[in-house]
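Heads up, the thing below is written out as structure tokens.
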Amino acid sequence: MEMLQGLLLCLLLSTGGAWASKEPLRPLCRPVNAILAAEKEGCPVCVAFNTTICAGYCSSMVRVLQTILPPLPQSVCNYHELRFTSVRLPGCRPGVDPVVSMPVALSCRCGLCRRSYSDCGSLRNEPLGCDYSTFQDSSSKDPPRNLTSPSQLLEPADPPLVPQ
């Protein structure tokens, strides 16, 4: 019986590598493609555009004796290097600046949450989207009527900015 158990153990250990992956079980902190929505009060159209954001897992620790000791600071996935892209919202009322700037992640790293450029809140029940008026996907085939060309939706990005 012991020999059978040993043989079974060897068989399980030798085939265990076939199930294991060299990649981490959860994706680590890195830039990922995302669709964000841009809107502004006074502009009737919400524009969705593709960008990169920082997302993924950072290692963290939890104290066993939480009631006695203070909680440990938790790492979150932050922007390391970023640049800003300007999106022009079509159909804005006169006197309303139609340009909205959005971040584009160039690189990411784990660290303490910095409220100056990160959303440190918990998960939301609803996805981020437009609160005002109509929705216009920047990748749709039909651009808004008042644009002379679809390239007016995206303006050139500023040079890279490294948050402090």
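Cβ coordinates come from backbone N, Cα and C, glycine included.
In the three-state DSSP reading, Cys29 (disulfide bond) counts as coil. Cβ neighbour count for Cys29 (disulfide bond): 21 (other Cβ atoms within 10 Å of its Cβ, all protein chains included). What Swiss-Prot lists as disulfide bond is Cys29-Cys77 (among others), and the listing cites similarity to another entry.
In this view, Cys43 (disulfide bond) is surrounded by 21 other Cβ atoms within 10 Å of its Cβ, with every protein chain counted. If you look up Swiss-Prot, you'll see Cys43-Cys92 (among others) marked as disulfide bond, on the strength of similarity to another entry.
According to Swiss-Prot, the disulfide bond annotation covers Cys46-Cys130 (among others). DSSP assigns Cys46 (disulfide bond) to a strand segment in the three-state reduction.
Sequence annotations record features per position, and here Swiss-Prot assigns disulfide bond to Cys54-Cys108 (among others). The Cβ neighbour count for Cys108 (disulfide bond), using a 10 Å radius and every protein chain shown, is 23.
Under the heading disulfide bond, Swiss-Prot lists Cys58-Cys110 (among others). The C-beta environment of Cys110 (disulfide bond), restricted to residues of the same chain at least 6 apart in sequence and closer than 8 Å, consists of Cys29, Cys58, Ser59, Ser75, Val76, Cys77, Asn78. Taken residue by residue with DSSP, Cys110 (disulfide bond) is part of a strand.
Around Cys113 (disulfide bond), a 10 Å sphere centred on its CB holds 16 further CB atoms from the protein chains shown. Residues or ranges marked as disulfide bond in Swiss-Prot: Cys113-Cys120 (among others).
Every protein chain shown contributes to the tally, and the Cβ of Asn50 (N-linked glycosylation site) ends up with 13 other Cβ atoms within 10 Å. Here Swiss-Prot flags Asn50 (among others) as N-linked glycosylation site, drawing on sequence analysis.
The O-linked glycosylation site annotation in Swiss-Prot covers Ser140 (among others) and rests on similarity to another entry.
Annotation comment: Swiss-Prot describes Asn146 (among others) as N-linked glycosylation site.
As annotated by Swiss-Prot, O-linked glycosylation site applies to Ser151 (among others), with the evidence given as similarity to another entry.
According to Swiss-Prot, the region 'Disordered' annotation covers 135-164.
If you look up Swiss-Prot, you'll see 1-20 marked as signal peptide.
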Among the disulfide-bonded residues listed as Cys54, Cys92, Cys108, Cys113, the Cα nearest the Cα of Cys46 (disulfide bond) belongs to Cys92
So Cys77 (disulfide bond), by the Cβ count within 10 Å over all chains shown, scores 24
Disulfide-bonded residues Cys43, Cys92, Cys113 vs Cys54 (disulfide bond), shortest C-alpha separation belongs to Cys113
